[in-house]
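Going by Swiss-Prot, these are the annotated features:
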type	residues	note
BINDING	HIS111, HIS148, HIS152, GLU211	Zn(2+) binding site
Amino acid sequence: MIKWPWKVQESAHQTALPWQEALSIPLLTCLTEQEQSKLVTLAERFLQQKRLLPLQGFELDSLRSCRIALLFCLPVLELGLEWLDGFHEVLIYPAPFVVDDEWEDDIGLVHNQRIVQSGQSWQQGPIVLNWLDIQDSFDASGFNLIIHEVAHKLDTRNGDRASGVPFIPLREVAGWEYDLHAAMNNIQEEIELVGENAASIDAYAASDPAECFAVLSEYFFSAPELFAPRFPSLWQRFCQFYQQDPLQRLHHANDTDSFSTTNVH
């Protein structure tokens, strides 16, 4: 019998958070009961430590807060919540938002442009998200805005900027970089062959190593059946870093469902 941490005494039911309902999204149904219980414990601590700030009239209720916290904690389920140190606020727009972007080109000219963003992650600042794309992160499609931005935070723990190489033993860095760049090249080749819209992996992964790590982290957790067979060596490195194997988890869940179905009388 699993003792769920959110199941409280009868007198406290009014203040209990809806963790069981929050866990019902497709992305989290493959987790075992033990993993779900551990994830909820982390998410409870996350909500105690971080401030969720709704912007532009967005309404944040307890169910939305719980689901946001669960998705933040999924990548650090085995790493620990301390891996999410370094920020204290999560800003949430109702929809993708416009920002002023500034960059310097190869000859030193500075350009300014207003662009639409789904999310942002600053090394020593808040994470910025939007609810429309958070909702689209609930399924197992390969897209997950929260995991993408969390991956950037994990990436920057290794240095001053996101490099695509998280905090791993130094002896593993060269192999990680080799496999990551090989994946980027493979994704770029597919894009050139079939176009961005028809590519099986989000084309953004080919833009630079940091984005490749973030995008493939999305696929690692929400579409492992696409990631693992295509980049098996890099997949093993991700499993070792995150200390999770979502593909094995998916197969186990499917096997359990099949067994339950065949034993229904």
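Placement of Cβ uses the backbone N, Cα and C atoms for every residue, glycine included.
Mapped onto this structure are the features recorded in Swiss-Prot.
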residue: HIS148; record: Zn(2+) binding site; Cβ contacts under 8 Å, 6 or more apart: GLY119, ALA214, VAL215, SER217, GLU218
residue: HIS152; record: Zn(2+) binding site; Cβ contacts under 8 Å, 6 or more apart: SER121, ALA162, ALA210, ALA214
residue: GLU211; record: Zn(2+) binding site; Cβ contacts under 8 Å, 6 or more apart: GLY164, TYR204, ALA205
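The DSSP secondary structure for HIS148 (Zn(2+) binding site) is helix. GLU211 (Zn(2+) binding site) carries a helical DSSP state (H, G or I).
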